[in-house]
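Here is what TrEMBL records for this protein:
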- B:1-10: compositional bias 'Basic and acidic residues' (COMPBIAS)
- B:11-21: compositional bias 'Low complexity' (COMPBIAS)
- B:1-28: region 'Disordered' (REGION)
- B:53-71: transmembrane segment (TRANSMEM)
- B:83-104: transmembrane segment (TRANSMEM)
- B:111-128: transmembrane segment (TRANSMEM)
- B:134-154: transmembrane segment (TRANSMEM)
- B:161-183: transmembrane segment (TRANSMEM)
- B:203-223: transmembrane segment (TRANSMEM)
- B:244-262: transmembrane segment (TRANSMEM)
- B:268-286: transmembrane segment (TRANSMEM)
- B:317-336: transmembrane segment (TRANSMEM)
- B:348-370: transmembrane segment (TRANSMEM)
- B:377-396: transmembrane segment (TRANSMEM)
- B:402-420: transmembrane segment (TRANSMEM)
């Protein structure tokens, strides 16, 4: 409990024109922990992801990285800190093979000439250590299943050895078996000491892998629960606003989170 | 890279780490018969899967050759084939430039006009103003590069769709060409000069053609062998020895047959040699360098490329510059073939025949209009098909009007095949 959070957001506020997308949102995540971020459509989950990944910075609020104040103004800032994001659309080049996608933008080369053998070796190693089952790292990602693509996208985000991993609705497009593979992968990554923020509105996924779940509603915090003790009904009522008197939950969560 | 069908042994590495070890054991025992069978299976699979292998186009080419040979027995004569190998170069170089642009999922409609501009600029500078040939060549090619940069900037930074920018360019550069030629009319270029020799020079010594064939085959064999042993050393799947030999053998047969045929006329044409060098270099850059990887990435997904930190705008501008440059170089070969630059040929350049031939050559060879798939080598096959049709119709004395309709039809067929193969891939979950 004494460990400071890797990433802590305080009082994040963001508005688009007349719309308050985020108001005074707090969130923190520690190493080796999965924090789920849940909320209805339009609750501000995606906006918060964009704030953290630097795609669209906050108007107000503080961001602390390993206890010190930092600014995330651009995607590059988030990268440099060690924040990796896997977007819902995965952003892969379908025509390139798995190796090409894993190393896109950080190819291994000698004076500009690609070292395909080394890249393929490392890609295989990575797939093996993460227990990802891909038929061949040389097939174009377009030929992979949705689950395999998601796994490749996650392993790509791990290439830069990040400390915080943001996953935006990773199971939305997956079947039952693929989802369970993916949840295994998330646990695998967490056990390596990564802090994970999992955006999801699938209660099953949240209960399965998250340690804590933070609820957003209409751009505000609406509850922070310990997943091992909270019931699905409590989460759902926070998400839908049936339990707007969430202060009780929050204060408990805050005690735990703010030493 | 595995574009264009599974080129490797075809045995999936298997899940996790178990693959390479067992696979290696299997592979060692394989002879060339198995390789051949497997290759045939690969081809069948990729045709069914909607990937157009080169084999289909080669089959089409053989049919075209047989038909024209049947109609006129001069068609497959060494003389006609040798002329064909020179005539493909102008269009071919322009088409290689088009490939670069098609790979990033854009199009350059101005290449015909730009090639005309380069030819005219060279002729005006050299003949009318007495500028030395080498300098006039450099200026003409640099003009093509500058025009490409101009298109690229309008497209990448101002966000104007490439097809509109280059459509405007088609008219602008054609107008400029006519303006340059306006005062003098037809300009005949020096028939003994540097530019004229681009298409007229042949290496009469028979050794030249055979040396190039041998060098190409040996280079391929060496590269394939090195690749194979590096993959084996790293414990990764590799092609069987039989497959490497089979591929090398096929290449050798084609290369030496071509050399033999060329030597029965005037020997290896300089133009063909230059074309082959351009193909080898551009293929290497696109497939083996970090830069080329970015080009393919951009064709696969702009957003993905941008998030991976690729300077999308810069790559776009660079591709239009390559296309403009190669269009200009191709234009010099066209001017060289005609040994003149004239308002008539300028108007022809602006009419889009060269443009259509170049796009058709790229697409027939297997470069996709939808970005991210294809290679410069596709041009060689495509341009031979296009030029064979043109040459055959020329021999038979088919009138221009009919030639236009046939060339347009061929382009339409190639593009339709491209679109169909894309749909077949989408059905299999391969966008």
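Each Cβ is built from the backbone N, Cα and C atoms, and glycine gets one as well.
Here the structure is a predicted model, which means the values were calculated and not measured.
Tallying C-beta pairs under 8 angstroms between the transmembrane segment (B:317-336) and each of B:83-104, B:111-128, B:161-183, B:377-396 places B:83-104 first. Beyond its flanks by at least six residues, the transmembrane segment (B:161-183) meets 101, 106-110, 112-114, 116-117, 120-121, 123-124, 147, 150-151, 154-155, 320, 341-343, 346-347, 349-350, 352, 355 of its own chain at Cβ-Cβ distances under 8 Å. Residues 54, 57-58, 60-61, 64-65, 67-68, 71-72, 74-75, 80, 83-84, 87-88, 91-92, 95-96, 99, 275, 279, 283, 357, 360-367, 402-403, 406-407, 410, 414 of the same chain lie 6 or more positions beyond the ends of the transmembrane segment (B:377-396) yet place their CB under 8 Å from a CB of it. Here the listed stretches are B:111-128, B:134-154, B:203-223, B:268-286, B:402-420, and the one with the most C-beta pairs under 8 angstroms to the transmembrane segment (B:83-104) is B:268-286. Taking every listed stretch (B:203-223, B:268-286, B:348-370, B:402-420) in turn, the largest tally of C-beta pairs under 8 A with the transmembrane segment (B:111-128) is reached by B:348-370.
Long-range contacts of the transmembrane segment (B:268-286) within the same chain: residues 82, 85-86, 88-89, 92-93, 96, 99-100, 103, 197-199, 201-203, 208-209, 212, 216, 259, 262, 292, 295-296, 326, 333, 336, 375-377, 379-380, each at least 6 residues beyond the stretch ends and with a Cβ under 8 Å from a Cβ of the stretch.
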